[in-house]
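I have placed the structure first, in the form of structure tokens, so that the comments after it can refer back to it.
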Amino acid sequence: MPVGSPSRGSIILRFTASSFLCLLPRKRRGEFVPVYVALGLILLSASFGIHTAMQQLRYSPNVLVSKKKRETVPEVVDPDWAAEEAERFISGSVFRRVAHLQDFDAVWAGNSDPARGHVMQRGSTVSICSDSITGNPLEGMYDVVKLHWPARRGLSCHWRKLVTATLSYLRRRIRFKMPTPLPYIYPNTPCDFASSPFRSPLEFKVSWVLIQWFYESFDEPFDGRWIVSENGDYQGLWKHSKSDGHEDYGLLVSEKARKYAIVKELDGPISLKDGTVVLQFEVRLQNGLECGGAYLKYLRVQETGWIPKGFDNESPYSIMFGPDNCGATNKVHFILQHKNPKTGKFVEHHLKFPPSVPYDKLSHVYTAILKPDNELKILIDGEEKKKANFLSADDFEPALIPPKTIPDPDDKKPEDWDERAKISDPDAVKPDDWDEDAPMEIEDEEAVKPEGWLDDEPEEIDDPEATKPEDWDDEEDGEWEAQKIDNPKCEAAPGCGEWKKPMKHNPAYKGKWHAPLIDNPNYKGIWKPQEIDNPDYFELDKPDFEPIAAIGIEIWTMQDGILFDNILISSNEKVAESYRADTWKPKYETEKENQKAEDAAAASPSDGLSDFQDVIEKAEKQPNLTIGVLVAVAVIFATVIFRALFGRKKPPMLSITSISKIFFELYLQPAAAPTTEAKNAGAAETDAAGNGEEREENGKDDDASAPRPSRSRKKA
């Protein structure tokens, strides 16, 4: 048998198999369709499974593949990422669409279930309201979880279980202190949980987590939590007291003209470098604030050996924030102590042009928002009053980033450097007719004493009706003198007392002679030292904030009644906003209404002050318009004063003698013809200079006229 040919056994086996197959019935076409359908269903199920697994691995907020993310809490570290991933997880779900196919006909017909929104429409998000979700604020630091749901959905009867489970999950993952036991969540009036049942846990998402690092409401006595300084300079007595007009408690400055110091250590340092930081507290100046401070110091980590009882003005802080008013100082401080990386020294950087302190006696809430983009916002009562940038030289003094160059301290001005732009003309000579000794005013030699002048009569006489009081004691009170009154005889005469010639401007007066100024040929300009590189210069992308380890109040004030309340440190502006709405706003409205009632019940003299305060309040709300009005008024006053001092011009030929004559003839001689004589006198005085004949004709009239000296009335 040739090599490679089949063996006899194999040939027999093949023949037997072919014969057996021929005996079987032939399969019809399409009989393998069930197999193909089964394989297709298996493939479809596997696709859905793979898709679901990919959705879970890629977008599910609680499925973290990265080890780095598993070691943190994305809802806390990066809430925006967590919200976006949750949105993608919900939007990318195929089952979410398929589950509502049965609603298509009803939706397009306009008869859809009111508890369910449009199938293909994306709804906005609404918040779950809760009174107790924040728990007991006195427990310290914990988290406020804000839950968002699609608006076209709602909450089923299982919503409490879902939220509680989520809070429990976050509690296990977050290392911050949370209230124990976990609070139950009950709906508030503004929220409607009766409709739109929440159908699937997949549609639940945590939009963001609001972190509250520290909160102090002073609802309970502060003893044991806040430590009063035992430094001998601080003798002021702190009290746990109610605010005037309502039942809210606070930390009260109870004595006048004292120094106060108290501090609260935090459970752990709070970093100011990561994300947004919100500093907020309330202050009520119940007795005003004429001279004193009401600010807080956010202390950095102290040196080894420091104790809270030793807290004083030398204790280093990271930020000082709050109102201060005394004398010319009236501002809301924001001071940052920043460490120079070159020298290692801390430098105080003050906010330029800070807002002013409200002048009333109501509760006000002060908020400082530190943004990660180096932006700073100062809010008073929730209204933005100041916006600044930490790295801008226009906003802080001194600037956080020092200048690149500085004046050379060793550079000195040359001795021959001339900074005078103008000099006296050395060739100028005083004119020969320049009399420096000539007086500015001289006697009017042409003036003549008016007829009827009473030289022997005094301007004032004793009041003949005055009587000496019965209880007047000459030994104790001195010699009694009657009160002086104007002499009635002087009213009908041109004047009384010794007559003197009036003074007039000296035409020969020129004053002190000075040589005229000319350009200085040796002028070199204002000397400045040359600029050199600043050895302390450094570049900075973000401020190197020191962490906050404690909160202290260290003030000196002349007023009592300063009440501190609701001190908050948070990482989200929404938390501060919610506290303003829930704690400060109701108090402020109540105090404002009480203040209006007191003003209405006060006496009428105080109405003017109240109106004036209302005007000031309106002016503060429109600073640009107020500044414009003040500038306009100042310009008008300046113009009037300038015209009064320098704008008057004497008539060309009208002398003081003629004015006196006209006044005398008009008012003191009614029998005469004042109109004709006045016209003649005016015409004579305003005629061309040098008319001798008219001067002779009116000479007698001029002789009879003279200025009447002013009379002053003296009181005994």
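Cβ coordinates are placed from backbone N, Cα and C, and glycine is handled just like the others.
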Quick check on the annotations: TrEMBL lists region 'Disordered' for one of 109-128, 589-608. Which range is it? 589-608
According to TrEMBL, Cys291 takes part in a disulfide bond; indicate which of Cys191, Cys326 is its partner. Cys326
By a simple count, how many Cβ atoms lie within 10 Å of the Cβ of Cys326 (disulfide bond), its own Cβ left out? 14
In sequence order, which residues at least six apart in the same chain have a CB under 8 Å from the CB of Cys291 (disulfide bond)? Asn325, Cys326, Gly327, Thr557, Met558, Gln559
Summed over the compositional bias 'Acidic residues' (433-446), the DSSP helix, strand and coil counts are 0 helix, 3 strand, 11 coil
